[in-house]
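So that you can see what the record holds, here are the features copied from TrEMBL:
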- Gln84, Asn125, Asn148, Tyr208, Tyr244, Gly248, Gly268, His277, His291: substrate binding site (BINDING)
- Cys120-Cys259: disulfide bond (DISULFID)
Amino acid sequence: MMINKRTLRQVVVFVSVASTICIVLFCQTSTWSFHTDACVCNCAMDSEGLLWFSQRYKPSANVTLNTKNSPLDFHTYWWWKSLQNESTVADYKKVVEVLFSLFPDKDHYSDTSPSRCRTCAVVGNSGNLIGSHYGALIDSQDFVIRMNEGPTKGFEQDVGSKTTHRVIYPESAVDMDETTHLILLPFKILDLQWLISIFTTRHIDLTYMYVKPSVKADRNKVMILHPAFMKYIYESWLQSHGGYPSTGFISLIFALHICDEVSMFGFGPTKDGVWHHYFDDFSSDSNGGPHDGGSEGEVIAQLHQKHRITTYKGWE
Ligand code: C5P
């Protein structure tokens, strides 16, 4: 009777341990397959690609500036201040205070989730867009991020007509309509002061060159790229090559942080190796000047090869 009781107890213990193990294994398997099924965007990266990407991509990076995340550590502050050798010494903290009494003071795009699939087109200003017929494809993306003066009027068939975001700095600013987010790429404190000025006093019309004292844009759609985000791009993505990243490269990494699928248009030379714009004969300095076009091109090629972005060259 004793033996039977003990045996019975052992059987009960064995069955409960075994069923617990089974339940855990089942849950793990179903969770794994759930994640696999739930991959609605960007599912093509293999483990080697994922490792390469995770060594560069910092999900916790502050993309846009707000009051809460505005304090800059010593190194970031001086790195940023040195970009354009700013000599004036406006108080960064005070300028930030005014900034966010005027513009939305929030954590933009903190809505990342495995079920989100936001598609983005990043449209550079390369002449390789001419004759590409990419317009409809560009417009079909959720966000269309353009930069500097890149126009759409008269170029719709090749570049599309939708602009949800336009990345600019004072020296490259243009008017935009009320559907577009003005994204300021600040290289100095004066750029932040200029942003305030274009919506208020309109008294700043000179930086290192003439700048527009007013810009048509919706004040409630303004966002400012975080200086620390620019430093992170320079160090983590470009391994500190060149002076600082180009507007196009910064816009691309911005897109990687706020979108789930990224397509790139209008980057690089034309088929004939020319680096001009699609809208004028002006040659971009994206392959030279303070920017290391070679390193940027290599990262873009790797991102494409590893299926993290799709690049459209305009020719093949
Ligand atoms: O010339 P701009 O700076 O206005 O061009 C915006 C961005 O478009 C550049 O920073 C660069 O990344 C990209 N571009 C390019 N090739 C060109 C012209 C522009 O890759 N020929």
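Note that the numbers count up from 1, one per residue, in the order the chain is shown.
A Cβ is built for glycine as well, from the same backbone N, Cα and C atoms used for every other residue.
Looking at Gly268 (substrate binding site) and Cys120 (disulfide bond), their Cα atoms lie 19 Å from each other. All chains included, 22 other C-beta atoms sit within 10 angstroms of the C-beta of Gly268 (substrate binding site). The number of other Cβ atoms within 10 Å of the Cβ belonging to His291 (substrate binding site), over all protein chains shown, comes to 22. Packing around Cys120 (disulfide bond) is summarised by its Cβ count: 25 other Cβ atoms lie within 10 angstroms of its Cβ, all protein chains included. The number of other Cβ atoms within 10 Å of the Cβ belonging to Asn148 (substrate binding site), over all protein chains shown, comes to 20. Taking the Cβ of Cys259 (disulfide bond) as centre and 10 Å as the limit, one finds 24 other Cβ atoms among all the protein chains shown. For the pair Gln84 (substrate binding site) and Cys259 (disulfide bond), the Cα-Cα distance reads 30 Å. Ligand 1 lies under 6 Å from the Cβ of the following recorded positions, listed in sequence order from Asn148, Tyr244, Cys259, Gly268, His291: Asn148, Gly268. With a 10 A radius on its CB, Tyr244 (substrate binding site) counts 21 other CB atoms from all the protein chains.
Separation of the C-alpha atoms of Asn148 (substrate binding site) and Cys259 (disulfide bond): 20 Å, rounded to the nearest whole number. Here the C-alpha separation of Cys120 (disulfide bond) and His291 (substrate binding site) works out to 24 Å.
Cα-Cα distance from Tyr244 (substrate binding site) to Cys259 (disulfide bond): 23 Å (rounded to the nearest whole number). In this structure, Gly268 (substrate binding site) belongs to neither helix nor strand by DSSP; it is coil.
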